[in-house]
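Quick look at what TrEMBL lists:
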REGION    33-117  region 'Disordered'
COMPBIAS  64-74  compositional bias 'Polar residues'
COMPBIAS  85-97  compositional bias 'Basic and acidic residues'
REGION    140-192  region 'Disordered'
COMPBIAS  153-179  compositional bias 'Basic and acidic residues'
Amino acid sequence: MFAACSALSSCTSGPTYGTDKTSMEQLVDDVGSAASIGSKKPTTNTAYNPRPDLVLPPKGETAQLVQPQQSLASKDNPDWVESPEDTRTRLVAEADANRGNQSYRSPLLDGNGTNGTMTETQKWQAFRDARKLQKGAYIDQRRVLSDPPASYREVDQAKLDDLGEPEAKKEKRRQKEAEMSNSNKSWWMPFQ
């Protein structure tokens, strides 16, 4: 009997969430401390020790210290990525240096991919294709992960061939139901 009561009381105590109090006791304490009128004087029994002084090298040995390492993230690093402004400045200077050279072709004139070599109709067709892709007018393959798989888009041929109930039968059924609702008769009460 004692074991059953102790097991049951442990179930009703509720979780303590690391506060050694039940959730209801913690709620009452929190609301009570928030709504208290008087202020509680904080008791500070913390002993603060002063910080020790910095450890400095002896007076004459400051020249023997190791120099700090140079940062790799600087413009002086040859592996550093060139900024777009620097790239443009370099390419403009290169084009100015080759002004009289007939065989020189500036990378600035190329554009992105085939933009400089497309005709007007090709540009319009590329624009239309891009709009179709943007609107999702493609069903041959998945372009992005949020598109459903192609197998989900296939319709069963039997469902396409099924035309449903003919309109004439629907009309007869609706007329019969309307007559039954107006006559105050039910099909399950034949002798009304």
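Each residue, glycine too, has its Cβ placed from N, Cα and C.
Heads up, TrEMBL stuff is auto-annotated, nobody curated it.
Remember, it's a predicted structure, so these values are computed and weren't measured experimentally.
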Contacting positions for the compositional bias 'Basic and acidic residues' (85-97) when only residues 6+ beyond its ends and CB under 8 Å are counted: 104, 106-108
DSSP-derived helix, strand and coil totals, residue by residue, for the compositional bias 'Basic and acidic residues' (85-97): 13 helix, 0 strand, 0 coil
Contacting positions for the compositional bias 'Polar residues' (64-74) when only residues 6+ beyond its ends and CB under 8 Å are counted: 57, 80
Residues in the compositional bias 'Basic and acidic residues' (153-179) grouped by DSSP into helix, strand and remaining coil: 19 helix, 0 strand, 8 coil
Summary of DSSP states over the region 'Disordered' (33-117), given as helix, strand and coil counts: 25 helix, 0 strand, 60 coil
